[in-house]
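**Q** Have a look at the structure that comes next, please.
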Amino acid sequence: MQPLIAGNWKMNGVASQLHEIEAVAASVKATLPSTEVLICLPATLITRAVQTAAGRIAIGGEDCSAEISGPFTGDFSSEMLKDAGACAVIVGHSDRRQHHGETDAVVAAKAKAARRAGLLAIICIGETNAQRLAGNALSICGDQIAGSVPKEMTASDAVIGYEPLWAIGSGQMPTSEQIIEMHAHIRACLTQCFGAEGQKVRILYGGSVKPSNAHSILALPQVDGVLVGGASLKSEDFLAICRAAPALNSPTVNSQKEQ
Ligand code: 13P
C-alpha cells in the first residue's frame, strides 16, 4: 500500500508560516516525488496553502459539517473545503470528540459528507489511557470503527487514523507490539464491515510521531502511514518523517499532484 504521510496543524498557522508549506512542497517535489504527502490546515489557510503548494503536496481541512449549506453559523461544508482547494479532511479527531462532543454518528455523517464532496476522509479513532488500562482499547476502537465509518465507504475515499489519546502531544508512545495489535484489530474490523474493500483501507498511526521514531513506526507492515501533529509544524521535522516512509508508486490522495 502507498503510505500516506499526513500533517495536522490543528489550531496553529497564519500566513507568515506558509513558508513551511513551501519548504515541504519544494523538498517533496525534488527528493520524494512518489511519497504521498498531505497537510491538513485550519480552513483560513487552505486556499493560500494550495497556491503555495502548487500541486507538489496535497492540502486538506481538519473538520467539516455534515450539512451542505444553511443556518449553521461558523461551520463550513465539505463542498466549501473542496472549493477552497482541499482534497481531504480529518473527521472525528479526538480534539473534536472531546471538546465538541462529537459522537460516532456525527463522525460518520461528516465522513459521508466528505465523500459526497469528493474529499478523502481521514476518520480518527483511539482510546483513552483509562480505557487502555481497563483492557478495553481493542473493543473501544472496534466500536468506533463500526460507528464512525459509513457503510458505503471505499478505500479510495477513506483512511483510518488510529490515535491513542494518551499518546497525542504527550511524547508517550505505544510499543510496537501495541501498535501492531491495534492495527491488526482495526484491519479485522474493517474486513468484517467492508469485506475485500476493508483490506485496502489505509490505517495511519498518530500520536507523538517524531523524526526519531518515524522510521520504526513506518517499518511496521501493519502501518500504512502516519498522522503527525506537533512535528508537522516545522518543515524540517515533517520532511524527516516523510523521508522515513517507504516510497511506492501512484499516489491517490493528491489529485492536485503535477502530472
Ligand atoms: P502529536 O503528533 O502532536 O502528538 O499530535 C497527533 C495528532 O493529534 C495528529 O492528529
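Glycine too: its Cβ is placed from the backbone N, Cα and C atoms.
All TrEMBL annotations are machine predictions without curation.
As the structure is a computational prediction, the values presented were derived from the model and not from experiment.
TrEMBL lists H93 with the feature active site, electrophile. Under the heading active site, proton acceptor, TrEMBL lists E163. Residues annotated as substrate binding site in TrEMBL: N8, W9, K10, G169, S208, G229, G230.
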**Q** For a Cβ distance below 6 Å to any atom of ligand 1, name the binding-site residues from N8, W9, K10 that qualify, or say none.
**A** N8
**Q** Return the count of C-beta atoms lying within 10 angstroms of the C-beta of G230 (substrate binding site), excluding that atom itself.
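**A** Summing over all protein chains shown, G230 (substrate binding site) has 18 other Cβ atoms within 10 Å.
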**Q** In whole Å, how far is E163 (active site, proton acceptor) from G230 (substrate binding site) when you measure between their Cα atoms?
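**A** A Cα-Cα distance of 14 Å.
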**Q** Cα-Cα, whole number of Å: K10 (substrate binding site) versus H93 (active site, electrophile)?
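**A** On Cα coordinates alone, these residues lie 10 Å apart.
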**Q** Between the Cα atoms of N8 (substrate binding site) and the residue listed as 'active site, proton acceptor', find the distance and write it as a whole number of Å.
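**A** One finds 12 Å between the Cα atoms of these residues.
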**Q** How many whole Å apart are the CA atoms of G169 (substrate binding site) and the residue listed as 'active site, proton acceptor'?
**A** 11
**Q** Ranked by the number of other Cβ atoms within 10 Å of their own Cβ, which of the recorded positions K10, H93 ranks first?
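**A** For the recorded positions K10, H93, the Cβ with the most other Cβ atoms within 10 Å is H93.
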**Q** If you measure every Cα to Cα distance among N8, W9, K10, G169, S208, G229, G230, the residues said to bind substrate, what is the biggest one in Å?
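**A** Largest pairwise Cα separation, rounded: 14 Å.
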**Q** Tell me the coarse DSSP state (helix, strand, coil) of G230 (substrate binding site).
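**A** DSSP assigns G230 (substrate binding site) to helix.
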**Q** Could you state the whole-number distance in Å separating the C-alpha atoms of W9 (substrate binding site) and H93 (active site, electrophile)?
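**A** W9 (substrate binding site) and H93 (active site, electrophile) have their Cα atoms 12 Å apart.
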**Q** Non-local Cβ contacts of E163 (active site, proton acceptor) (under 8 Å, 6 or more apart, same chain)?
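**A** Long-range Cβ contacts: H93, S94, C124, I125, G126, Y205, G206, G207, L227.
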**Q** Going by DSSP, give the three-state secondary structure for the residue listed as 'active site, electrophile'.
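**A** The residue listed as 'active site, electrophile' sits in coil per DSSP, no helix or strand.
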**Q** I need the least crowded one of these binding-site residues (N8, S208), counting other C-beta atoms within 10 angstroms of each C-beta.
**A** S208
**Q** State the three-class DSSP label for G169 (substrate binding site), counting H, G and I as helix, E and B as strand, and everything else as coil.
**A** coil
